[in-house]
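Q: As listed in TrEMBL for this protein:
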TRANSMEM  24-40  transmembrane segment
TRANSMEM  46-65  transmembrane segment
TRANSMEM  77-94  transmembrane segment
TRANSMEM  100-121  transmembrane segment
TRANSMEM  175-193  transmembrane segment
TRANSMEM  263-284  transmembrane segment
TRANSMEM  304-326  transmembrane segment
Amino acid sequence: MSKNTSGLIITAPPSGALANKMRIALAILLVVAVALPTFVTSPTHLNLAILILMAAQIGVSWNIVGGYAGQVSLGHVAFYGIGAYTSAIMFSIWGISPWIAMLAGGLIAAATSLVIGWSCFRLKGHYFAMATIAVAEIIQIVFTNWDFAGAAVGLTIPMSEEGWSKMIFSGKEPYYYIALGLLLVTLLANAWIERSYLGYYFRAIKDEPDAARSLGVSLSKYKQIAFAVSSFFTAMGGSLYAQKELYIDPASVLGTGISIKMALVSILGGIGTLFGPIVGAGLLTAIEEGTRTLFGGTGRGTDLIIYAALIIAIAVYYPNGIVGYVRTYLARRKANKQHQEGSK
């Protein structure tokens, strides 16, 4: 927690020695991540790594609005689906480069979020969360009945000539590096937000909304900004999914389970922290894939059971997530050490 000169108390990003240690750890992890495909040659294992990166990216994206600004959107899959459908339509029907389509999907999602936020941000807490779910369901119904977008059948992206310009590859390695690059860009945006005035206002809205309003902070304005930025990066994650799978339908890119997963990877790893969603994505994806391998086709709905169990366990034992727990443990350990040295 930190307190500014106006008396507004908000949570602060890590600083000092802890921040330096985090930078060193990040640099080491980045080197390992870049070199990973050299050592992991199994397509199955490399695909698992891609799934973790993609889950982390949408978790980090959701964390902007849900973690920093404290606005729990459980309908964020709407923007994921918008990104996926924008990319699929622009490439498969109009022949536009997926790279351009990915950016366009992000911009369309951000613009859509402004319309949704204008009405939904009139609500607070659980009511806001339920409103976003309702909006996502409406958008899913629209795409399910929209013939131009393939309706319930979905859209297939044709397997044309391979290459980076079309983002189509027969192997897994290029998708791995694209997913890693997108995650890094999203992380850098989060890091900038966390240490900028935007991050300060977001945390003020989350921790002390009444005090922030009394100091002249426009709650609706900064909620909208957080929602739009979060939606932009979430849509880019949806675009990557469409290009990787080469097929989408309303169930695969607009299902409620995706929204829950976005929130859960952040909550599990540490909501409102920079690296929490990455930790949560690694753990949750490993559990999901392990369950799928164990139960196969008989395990339909098992993922939702796992989500529910994890939410209960986190709420009871680790309310600040794994990263939050580690931070608290290290801070407590440091304080005890200083106390012992001072008593000598």
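Quick reminder: no glycine exception, Cβ is built from N, Cα and C everywhere.
Predicted automatically and left uncurated, TrEMBL annotations should be read as such.
Each of the listed features needs to be described in terms of its position in the shown structure.
A: Same-chain residues lying 6+ beyond the ends of the transmembrane segment (175-193) with a Cβ under 8 Å from its Cβ atoms: 30, 33-34, 36-37, 46, 49-50, 53-54, 56-57, 60-61, 63-64, 68, 167, 169, 199, 202, 229, 233, 236-237, 240, 244, 274, 278.
Under 8 Å from some Cβ of the transmembrane segment (263-284) lie the Cβ atoms of residues 11, 13, 22, 26, 52-53, 55-56, 58-60, 62-63, 66-68, 70, 72-74, 76, 183, 187, 190-191, 194, 203, 206, 306-307, 310-311, 314, 320-325, 327, all in the same chain and six or more residues away from its ends.
Sequence-distant contacts of the transmembrane segment (304-326) (same chain, at least 6 residues past either end, Cβ-Cβ under 8 Å): 257, 260-261, 264, 266-271, 273, 275-276, 279-280, 283-284, 287-288, 291.
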Q: Using a Cβ cut-off under 8 Å, which residues of the same chain at least 6 positions beyond either end of the transmembrane segment (77-94) come close to it?
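A: For the transmembrane segment (77-94), the list is 58, 100-102, 104-106, 108-109, 112-113, 116, 132, 135-136, 139-140, 143, 148-149, 155-158, 166, 230-231, 234-239, 241-243, 248, 250, 253-256, 258-259, 262.
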